[in-house]
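Student: Structure incoming, see below.
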Amino acid sequence: MEISTENWCKKPKNRSIFSKNISFQKQNKSTEEPPSSVQKLLASLQQAQNKSDLSEQPSTSKPKKNEKRKKAVAQAPASAPAPGPEEKKKQPKRASVGARMQQQAENARISQTKRPRQVSTSKGSSRNTTAPEQQNYQQQQQQYKGPRIPTDILDELEFRFISNMVECEINDNIRVCFHLELAHWYYIDHMVEDDKISGCPNVGSRDFNFQMCQHCRVLRKYAHRADEVLAKFREYKSTVPTYGAILVDPEMDHVVLVQSYFAKGKNWGFPKGKINQAEPPRDAAIRETFEETGFDFGIYSEKEKKFQRFINDGMVRLYLVKNVPKDFNFQPQTRKEIRKIEWFKIDDLPTDKTDELPAYLQGNKFYMVMPFVKDIQIYVQKEKEKLRRRKAEAVQSTPSSSIFSQLFPAQPPPPVPEDATPTRPMYKRLTSEELFSAFKNPPAGEVARPTLPDMSPAVNGLDTLAVLGICTPLKPGASLNEFSGAPQNCPMISEEAGSPADPSAEIGFAMPMDLKQPVVTSDHPWQHHKISDSSAPPQTLESHQGWLDTQLVNTIMHSPNHPLPPTSNSPATPTAVLGHLIGKPIQPQAILPQAATPTALGSAEKPKSSRISLSDNSAFKAISSTQKQSIPKATAAPPSTEKTRSASLSGSSQVVGKPARNLFNSVVSPVSSGIQSIQGDGGAWEDVWFREQLAATTTAGTSISSLAASNQELAMINREETPIEDPYFKQQAYQKAQKAQSLIPACSQWTNSIKLDIDYVVGPLSFWMQQFSTKSPVSGTGPQLP
């Protein structure tokens with residue numbers, strides 16, 4: 001098979017011409033604009049493809065020459081002449097296609113990472129920028145800010161909204177934007193539209209925020225990124241929960257919708273708004289509804305049905321409020337927030353975009369209403385069914401046969417006209433004067449007992465309320481509405497009506513008269529409080545009739561409450577006794593002086609220092625006498641019988657004709673008394689020490705033990721001749737006493753006379769007489785003892 005060389009020669013020529021055209025086009029484009037990195041990459045790929053196509057052809061001498069010529073023409077510029085053979089040899093070899101592509105990718109990466117230098121507005125960086133660059137930057141900033149707000153206006157806005165911000169809010173972008181939003185609203189409402197203030201341009205939130213950040217010192221750190229902060233704030237605000245209300249009329253046929261002031265077109269929605277920080281959801285709904293409509297549903301209803309939906313990644317919760325009067329004058333409480341407020345029929349509202357609107361609703365948009373319409377219609381239908389069912393049950397219900405139905409016969413409701421609509425009573429906010437006036441008590445003449453219908457059968461003199469147990473029975477012959485006022489000489493409970501001061505009339509039966517006032521002795525320091533007749537009952541205090549026991553309150557209020565002096569030896573007698581309130585009242589009487597009787601803990605004291613005292617911390621407490629004597633150990637003489645003895649309960653004495661108890665619980669320890677036999681006994685020492693601690697605790701503490709108190713009480717009141725035996729002390733005390741019969745009791749150890757052994761101390765007397773005798777020779781060394 002022969003291959004013609006002419007065809008092979010033609011193909012390279014055509015390809016070379018095509019490649020020349022491509023190279024010329026690329027060179028023309030490069031003269032117009034510099035090639036980008038992408039264009040360079042495409043060109044290198046095209047060249048690599050052409051090279052691969054040529055390499056697939058058969059290798060002959062002529063194609064090789066043509067290929068070299070084609071490469072030289074493609075690489076040479078359009079205006080430059082074709083290089084000669086010598087110049088071709090001098091040209092350096094170019095890198096491979098892969099190396100060139102890697103280099104181009106590296107250059108593109110470096111060009112993308114480089115950012116244009118930003119000119120700083122701080123004072124320290126102004127020296128690094130030239131004057132033209134600074135001037136251009138200021139011109140750009142001036143165009144960015146828009147109309148300039150006066151400086152004094154910015155100062156006032158900073159004082160109102162920025163100066164009071166805490167540090168944590170200043171460092172929070174979102175909280176700063178919330179404060180700037182409030183400042184912008186205040187600027188538009190009170191400064192731009194005020195004729196008295198001139199030079200306040202109407203700027204948008206973007207320009208306003210930038211000027212405030214430039215003016216306020218604490219917000220200057222946000223000036224260079226005001227757009228970024230504002231974008232984050234708008235994104236965050238779209239996720240803040242929204243709360244509002246669905247206001248429905250009493251018939252539940254119509255609902256209130258509002259139109260925003262800046263809304264484009266006739267867009268309608270429910271009154272709602274964003275919740276504030278740390279605000280309860282229901283309070284936020286009440287606040288937003290009141291700001292947009294002037295209707296405060298917080299005083300109209302206590303519990304509402306809630307509807308909740310998520311719209312554009314934001315939660316919207318609405319509270320359905322029923323029985324809203326249709327004649328209420330809705331007025332927005334904020335400026336430039338609500339344009340219109342109207343009633344719409346619930347059944348005519350669309351539930352989807354494809355629903356056809358009635359003719360009178362054509363042109364209106366309900367995009368923010370449609371997600372809730374279907375749920376509202378279902379709820380309204382159920383409520384209407386419940387209302388019809390209740391009316392039917394009320395008509396078919398029969399009166400009950402209980403006793404209350406006989407006492408209170410059911411009366412038919414007044415006729416209601418057909419055209420009348422059920423309305424809920426209107427309430428208003430009370431002022432402080434109206435609120436406190438409601439707690440004032442009416443005069444005594446205006447207070448009356450509740451009236452009841454006639455009973456069947458009628459019984460003369462029967463108090464219906466007393467039979468039912470509602471009120472206290474009245475005094476026979478007293479009128480239902482006649483009450484006596486409270487006396488002026490003492491404070492009384494003014495919450496109930498007064499009544500006569502007759503005790504039998506107050507409680508309905510005669511009170512027992514066997515309760516007597518405690519007798520006060522002549523030496524009592526409160527003798528001026530005593531009445532003339534000591535056995536007369538206490539003076540009755542006037543009180544009024546009521547369900548509370550006011551006699552108890554008045555008795556406590558009028559009883560003298562003076563504390564006893566600590567040095568008083570008079571009997572402690574209560575000043576008032578509430579015997580009718582206690583099942584078995586305590587009636588302490590004055591105790592006459594009697595002979596002392598041994599008690600459970602030792603000998604009884606004299607009557608003057610052994611009285612019963614009703615104190616706050618103990619039911620019965622023995623009052624310690626103030627005539628205690630401090631006697632040194634084994635040095636003082638025995639006291640006389642005329643003086644008052646110590647009030648210690650651990651003393652031991654013997655009374656003529658009465659048995660005595662010798663207990664080893666003296667205040668003198670065995671160590672100080674020097675009793676060897678007691679110390680030597682193994683168990684006696686522990687028993688003596690325990691009894692000393694018990695006596696010291698009961699004497700020095702605020703109250704004595706229950707066992708000692710009960711024994712002391714019986715000893716003081718009964719005064720029996722037979723001593724009261726204590727089983728606790730009887731078991732061991734008598735055993736110790738039998739062992740120590742030959743010893744001197746510890747409690748009387750200090751009463752013995754002291755005798756010094758003179759012979760043991762100074763020696764025999766004969767020795768001293770011999771030493772100082774004139775007959776004996778005088779010794780220079782002095783007396784010497786044997």
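Keep in mind that glycine also has a Cβ here, set from the backbone N, Cα and C atoms.
These numbers come from a predicted model, not from an experiment.
Taken from Swiss-Prot, the feature region 'Disordered' covers 25-148, 556-576, 623-655. What Swiss-Prot lists as compositional bias 'Low complexity' is 134-144. The domain 'Nudix hydrolase' annotation in Swiss-Prot covers 238-366. Summarising the annotation, Swiss-Prot assigns motif 'Nudix box' to 273-294. What Swiss-Prot records for Glu288, Glu292 is Mg(2+) binding site, and it gives similarity to another entry as the kind of evidence.
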Student: Run through the Cβ atoms and count how many others sit within 10 Å of the one on Glu288 (Mg(2+) binding site).
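Tutor: So the Cβ neighbour count for Glu288 (Mg(2+) binding site) comes to 22.
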Student: So how many of the residues in the motif 'Nudix box' (273-294) end up helix, strand or coil by DSSP?
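Tutor: Reading the DSSP string over the motif 'Nudix box' (273-294) gives 13 helix, 2 strand, 7 coil.
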Student: Which chain-mates of Glu292 (Mg(2+) binding site) that are at least 6 residues away have a CB under 8 A from its CB, listed by sequence?
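Tutor: Val258, Pro271, Lys272, Gly273, Pro332, Gln333, Thr334, Glu337, Ile338, Ile341 - these are the non-local Cβ neighbours of Glu292 (Mg(2+) binding site), listed in sequence order.
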Student: Pop the mean pLDDT for the motif 'Nudix box' (273-294) in here, whole number is fine.
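Tutor: Here the predicted model's pLDDT, averaged over the motif 'Nudix box' (273-294), is 92.
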Student: In the domain 'Nudix hydrolase' (238-366), how many residues does DSSP call helix, how many strand, and how many coil?
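Tutor: Counting residues by DSSP class gives 22 helix, 43 strand, 64 coil.
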